[in-house]
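According to Swiss-Prot, the protein carries these features:
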- 3-275: domain 'DegV' (DOMAIN)
- Ser61, Ser92: hexadecanoate binding site (BINDING)
Amino acid sequence: MKIAIVIDSSSGLTKEQANKRGWYFLPLNIDIDEKTYKDGIDLDNKNFFEIFKKNSKTSTSASSRGEIISLFDDITSKYDKVVVFPISYKLSSQYQNLDLIAREYKNIHIVKSKHLSFLTIVQLIKFEKAIGQNQSFDEELKKLSHWDESQKVLLIPEYNDALVAGGRLSPKAAALAKVLKVVPIIKFENGELLKEGKGISFQKTLTKLISSLSGKYSKDSKNYFPVILHAQNSNISFYEEHFLNEFGKKPLILSLPSVISVHTGLGAIAISLVKVDKDVIDQIVEHF
(Lines of atoms letter the chains of each structure in order from A and count residues from 1; the text may use other names and numbers.)
(Lines give C-alpha, C1' and ligand atoms only; values in the text may rest on other atoms or scores of the structure.)
Protein backbone atom coordinates (compact mmCIF):
# COMPACT_ATOMS: atom_id res chain seq x y z
CA MET A 1 0.00 0.00 0.00
CA LYS A 2 1.39 3.37 -1.04
CA ILE A 3 0.76 6.10 1.55
CA ALA A 4 1.47 9.83 1.31
CA ILE A 5 1.94 11.96 4.41
CA VAL A 6 1.16 15.68 4.46
CA ILE A 7 2.13 17.99 7.31
CA ASP A 8 1.84 21.73 7.83
CA SER A 9 4.35 24.22 9.19
CA SER A 10 3.11 23.89 12.77
CA SER A 11 5.40 20.86 12.84
CA GLY A 12 8.34 23.26 12.90
CA LEU A 13 9.66 21.85 9.63
CA THR A 14 10.28 23.76 6.43
CA LYS A 15 9.02 22.54 3.06
CA GLU A 16 12.56 21.43 2.21
CA GLN A 17 12.93 19.43 5.44
CA ALA A 18 9.56 17.75 5.00
CA ASN A 19 10.30 16.84 1.39
CA LYS A 20 13.66 15.32 2.36
CA ARG A 21 11.75 13.00 4.68
CA GLY A 22 9.39 12.12 1.83
CA TRP A 23 6.48 14.11 3.27
CA TYR A 24 4.35 16.72 1.53
CA PHE A 25 3.97 20.19 3.03
CA LEU A 26 1.35 22.90 3.51
CA PRO A 27 2.44 26.30 4.85
CA LEU A 28 0.40 28.18 7.41
CA ASN A 29 0.36 31.93 6.81
CA ILE A 30 1.93 34.57 9.01
CA ASP A 31 1.07 38.24 8.49
CA ILE A 32 3.76 40.62 9.74
CA ASP A 33 3.19 44.35 9.33
CA GLU A 34 0.60 43.80 6.57
CA LYS A 35 2.80 41.43 4.54
CA THR A 36 1.87 37.74 4.25
CA TYR A 37 4.56 35.07 4.52
CA LYS A 38 4.20 31.37 3.83
CA ASP A 39 5.63 29.74 6.93
CA GLY A 40 8.34 27.22 6.12
CA ILE A 41 8.78 28.65 2.62
CA ASP A 42 9.14 32.44 2.78
CA LEU A 43 10.48 32.34 6.33
CA ASP A 44 11.54 29.75 8.89
CA ASN A 45 12.47 29.57 12.55
CA LYS A 46 16.05 30.63 11.74
CA ASN A 47 15.29 33.95 10.02
CA PHE A 48 11.91 34.66 11.61
CA PHE A 49 13.21 37.23 14.09
CA GLU A 50 15.00 39.11 11.32
CA ILE A 51 11.52 39.92 9.97
CA PHE A 52 9.44 39.95 13.16
CA LYS A 53 10.26 42.95 15.35
CA LYS A 54 9.26 43.94 18.88
CA ASN A 55 6.41 46.21 17.77
CA SER A 56 5.33 44.29 14.67
CA LYS A 57 1.62 43.82 14.01
CA THR A 58 1.03 40.13 13.43
CA SER A 59 -1.59 37.48 12.81
CA THR A 60 -1.66 33.89 11.62
CA SER A 61 -4.06 32.03 9.35
CA ALA A 62 -4.69 28.61 7.83
CA SER A 63 -3.30 27.42 4.51
CA SER A 64 -5.06 28.87 1.48
CA ARG A 65 -7.89 26.84 -0.03
CA GLY A 66 -6.26 27.03 -3.46
CA GLU A 67 -2.98 25.65 -2.15
CA ILE A 68 -4.73 22.76 -0.42
CA ILE A 69 -6.77 21.81 -3.50
CA SER A 70 -3.72 22.04 -5.75
CA LEU A 71 -1.77 19.65 -3.52
CA PHE A 72 -4.66 17.21 -3.10
CA ASP A 73 -5.31 17.14 -6.86
CA ASP A 74 -1.64 16.41 -7.46
CA ILE A 75 -1.21 13.50 -5.05
CA THR A 76 -4.61 11.79 -4.73
CA SER A 77 -4.12 9.62 -7.83
CA LYS A 78 -0.50 8.77 -7.00
CA TYR A 79 -1.21 7.05 -3.69
CA ASP A 80 -3.59 4.50 -2.25
CA LYS A 81 -4.09 6.64 0.84
CA VAL A 82 -3.15 10.18 1.86
CA VAL A 83 -2.74 11.08 5.55
CA VAL A 84 -2.83 14.78 6.42
CA PHE A 85 -1.60 15.72 9.91
CA PRO A 86 -2.25 19.43 10.62
CA ILE A 87 -1.90 21.70 13.64
CA SER A 88 -4.16 20.90 16.59
CA TYR A 89 -7.80 21.47 15.69
CA LYS A 90 -8.19 23.42 18.94
CA LEU A 91 -5.69 26.07 17.85
CA SER A 92 -6.63 26.80 14.25
CA SER A 93 -9.29 26.48 11.57
CA GLN A 94 -6.80 24.42 9.54
CA TYR A 95 -8.37 21.06 10.41
CA GLN A 96 -11.92 22.20 9.59
CA ASN A 97 -10.81 23.63 6.24
CA LEU A 98 -8.88 20.50 5.31
CA ASP A 99 -11.72 18.22 6.37
CA LEU A 100 -14.26 20.05 4.21
CA ILE A 101 -12.01 19.94 1.15
CA ALA A 102 -11.01 16.29 1.71
CA ARG A 103 -14.67 15.19 1.44
CA GLU A 104 -14.31 15.62 -2.32
CA TYR A 105 -11.59 12.94 -2.41
CA LYS A 106 -12.02 9.23 -1.65
CA ASN A 107 -8.57 8.45 -0.25
CA ILE A 108 -7.59 11.52 1.78
CA HIS A 109 -7.71 11.19 5.57
CA ILE A 110 -7.45 14.27 7.81
CA VAL A 111 -6.14 13.60 11.31
CA LYS A 112 -8.16 15.41 13.98
CA SER A 113 -4.89 16.50 15.51
CA LYS A 114 -4.19 17.42 19.11
CA HIS A 115 -0.51 17.96 18.36
CA LEU A 116 2.00 20.43 17.01
CA SER A 117 5.76 20.87 16.73
CA PHE A 118 7.95 17.85 17.53
CA LEU A 119 4.93 15.94 18.86
CA THR A 120 3.56 15.77 15.32
CA ILE A 121 6.88 14.46 14.02
CA VAL A 122 7.08 11.82 16.76
CA GLN A 123 3.55 10.60 15.99
CA LEU A 124 4.27 10.30 12.28
CA ILE A 125 7.57 8.45 12.69
CA LYS A 126 5.79 5.96 14.97
CA PHE A 127 2.98 5.68 12.39
CA GLU A 128 5.42 4.96 9.56
CA LYS A 129 7.21 2.36 11.68
CA ALA A 130 3.95 0.57 12.51
CA ILE A 131 2.76 0.56 8.89
CA GLY A 132 6.16 -0.81 7.87
CA GLN A 133 5.51 -3.68 10.29
CA ASN A 134 2.18 -4.41 8.56
CA GLN A 135 -0.01 -3.04 11.33
CA SER A 136 -3.61 -2.06 10.51
CA PHE A 137 -3.82 1.26 8.68
CA ASP A 138 -7.14 2.17 10.30
CA GLU A 139 -5.90 1.39 13.81
CA GLU A 140 -2.67 3.33 13.37
CA LEU A 141 -4.58 6.26 11.85
CA LYS A 142 -6.73 6.43 15.00
CA LYS A 143 -3.60 6.52 17.17
CA LEU A 144 -2.42 9.71 15.45
CA SER A 145 -5.25 11.62 17.14
CA HIS A 146 -4.53 10.17 20.57
CA TRP A 147 -3.07 12.46 23.24
CA ASP A 148 -0.71 10.75 25.67
CA GLU A 149 -1.81 11.95 29.11
CA SER A 150 1.57 11.06 30.61
CA GLN A 151 3.51 13.64 28.61
CA LYS A 152 4.03 17.18 29.83
CA VAL A 153 4.80 20.24 27.72
CA LEU A 154 5.37 23.62 29.39
CA LEU A 155 6.00 26.94 27.64
CA ILE A 156 7.46 30.08 29.21
CA PRO A 157 7.75 33.39 27.29
CA GLU A 158 10.89 35.35 28.23
CA TYR A 159 9.26 38.67 27.33
CA ASN A 160 5.63 39.77 27.17
CA ASP A 161 5.80 41.98 24.05
CA ALA A 162 4.32 39.38 21.69
CA LEU A 163 1.56 38.51 24.17
CA VAL A 164 0.60 42.19 24.32
CA ALA A 165 0.76 42.61 20.53
CA GLY A 166 -1.46 39.57 20.07
CA GLY A 167 -4.01 40.83 22.60
CA ARG A 168 -3.34 37.99 25.04
CA LEU A 169 -2.03 40.36 27.72
CA SER A 170 -2.95 43.99 28.37
CA PRO A 171 -0.16 46.62 28.33
CA LYS A 172 -0.99 47.48 31.95
CA ALA A 173 -0.69 43.86 33.07
CA ALA A 174 2.53 43.47 31.10
CA ALA A 175 4.04 46.55 32.74
CA LEU A 176 3.15 45.24 36.19
CA ALA A 177 4.54 41.80 35.35
CA LYS A 178 7.81 43.39 34.21
CA VAL A 179 8.21 45.31 37.46
CA LEU A 180 7.43 42.23 39.55
CA LYS A 181 9.43 39.93 37.22
CA VAL A 182 6.38 37.69 36.87
CA VAL A 183 6.39 35.22 33.98
CA PRO A 184 3.39 33.18 32.79
CA ILE A 185 3.65 29.39 32.60
CA ILE A 186 1.62 27.90 29.75
CA LYS A 187 0.94 24.21 29.28
CA PHE A 188 0.16 22.44 26.02
CA GLU A 189 -2.28 19.71 26.91
CA ASN A 190 -4.71 17.66 24.84
CA GLY A 191 -4.30 20.04 21.92
CA GLU A 192 -4.78 23.29 23.84
CA LEU A 193 -2.55 26.04 25.21
CA LEU A 194 -3.72 26.63 28.77
CA LYS A 195 -2.60 28.62 31.78
CA GLU A 196 -0.54 26.47 34.13
CA GLY A 197 0.57 29.13 36.60
CA LYS A 198 3.15 31.85 37.02
CA GLY A 199 6.67 32.25 38.32
CA ILE A 200 9.09 34.92 39.46
CA SER A 201 11.99 35.52 37.06
CA PHE A 202 12.32 33.67 33.76
CA GLN A 203 15.52 31.79 34.61
CA LYS A 204 14.46 30.79 38.12
CA THR A 205 11.06 29.63 36.90
CA LEU A 206 12.49 27.58 34.06
CA THR A 207 15.19 25.88 36.11
CA LYS A 208 12.63 25.06 38.79
CA LEU A 209 10.27 23.55 36.21
CA ILE A 210 13.07 21.45 34.70
CA SER A 211 13.97 20.15 38.16
CA SER A 212 10.34 19.44 38.98
CA LEU A 213 9.70 17.59 35.71
CA SER A 214 12.89 15.59 36.07
CA GLY A 215 11.96 14.53 39.59
CA LYS A 216 8.44 13.54 38.59
CA TYR A 217 9.62 11.23 35.81
CA SER A 218 12.89 10.02 37.36
CA LYS A 219 11.57 6.56 38.31
CA ASP A 220 10.67 5.86 34.67
CA SER A 221 13.48 7.87 33.09
CA LYS A 222 14.54 5.12 30.68
CA ASN A 223 11.21 5.46 28.83
CA TYR A 224 11.20 9.26 28.58
CA PHE A 225 13.31 11.69 26.61
CA PRO A 226 13.84 15.39 27.43
CA VAL A 227 13.15 18.03 24.77
CA ILE A 228 13.76 21.78 24.75
CA LEU A 229 12.26 24.04 22.10
CA HIS A 230 13.19 27.69 21.93
CA ALA A 231 12.72 30.92 20.01
CA GLN A 232 16.38 31.85 19.54
CA ASN A 233 17.08 32.00 23.26
CA SER A 234 20.70 33.11 23.72
CA ASN A 235 21.11 31.16 26.97
CA ILE A 236 19.89 27.80 25.68
CA SER A 237 23.12 25.95 26.58
CA PHE A 238 22.53 26.77 30.27
CA TYR A 239 19.12 25.09 30.27
CA GLU A 240 20.44 22.19 28.22
CA GLU A 241 23.11 21.57 30.87
CA HIS A 242 20.58 21.90 33.69
CA PHE A 243 18.28 19.32 32.10
CA LEU A 244 21.23 16.95 31.64
CA ASN A 245 22.26 17.31 35.28
CA GLU A 246 18.72 16.90 36.60
CA PHE A 247 17.44 14.09 34.37
CA GLY A 248 20.65 12.35 33.33
CA LYS A 249 19.97 12.65 29.60
CA LYS A 250 21.05 15.34 27.18
CA PRO A 251 17.87 16.97 25.83
CA LEU A 252 16.95 17.21 22.18
CA ILE A 253 17.19 20.90 21.22
CA LEU A 254 14.75 22.17 18.58
CA SER A 255 13.38 25.53 17.47
CA LEU A 256 9.82 26.54 18.24
CA PRO A 257 7.68 26.69 15.08
CA SER A 258 7.37 30.24 13.75
CA VAL A 259 3.56 30.09 14.10
CA ILE A 260 4.11 29.64 17.84
CA SER A 261 7.00 32.10 18.17
CA VAL A 262 4.88 34.86 16.65
CA HIS A 263 2.64 34.60 19.73
CA THR A 264 5.32 33.94 22.38
CA GLY A 265 8.11 36.24 21.17
CA LEU A 266 11.89 36.08 21.16
CA GLY A 267 13.52 33.97 23.86
CA ALA A 268 10.52 31.77 24.71
CA ILE A 269 11.32 28.21 25.79
CA ALA A 270 9.20 25.08 25.93
CA ILE A 271 10.30 22.00 27.85
CA SER A 272 8.95 18.49 27.68
CA LEU A 273 9.49 14.90 28.67
CA VAL A 274 8.03 12.64 26.02
CA LYS A 275 7.58 8.87 26.14
CA VAL A 276 9.32 7.67 23.01
CA ASP A 277 11.82 5.07 21.85
CA LYS A 278 15.36 6.29 21.23
CA ASP A 279 15.24 5.25 17.57
CA VAL A 280 12.49 7.86 17.02
CA ILE A 281 14.66 10.56 18.59
CA ASP A 282 17.60 9.39 16.46
CA GLN A 283 15.49 9.81 13.31
CA ILE A 284 14.52 13.34 14.33
CA VAL A 285 18.18 14.23 14.92
CA GLU A 286 19.21 12.66 11.61
CA HIS A 287 16.57 14.22 9.39
CA PHE A 288 15.66 17.49 11.08
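Just so you know, glycine gets a Cβ as well, placed from its N, Cα and C.
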Those residues of the chain, 6+ apart, with a Cβ under 8 Å from that of Ser61 (hexadecanoate binding site): Leu28, Asn29, Asp31
CB within-chain contacts under 8 A for Ser92 (hexadecanoate binding site), separation at least 6: Ser10, Leu28, Thr60, Ala62, Pro86
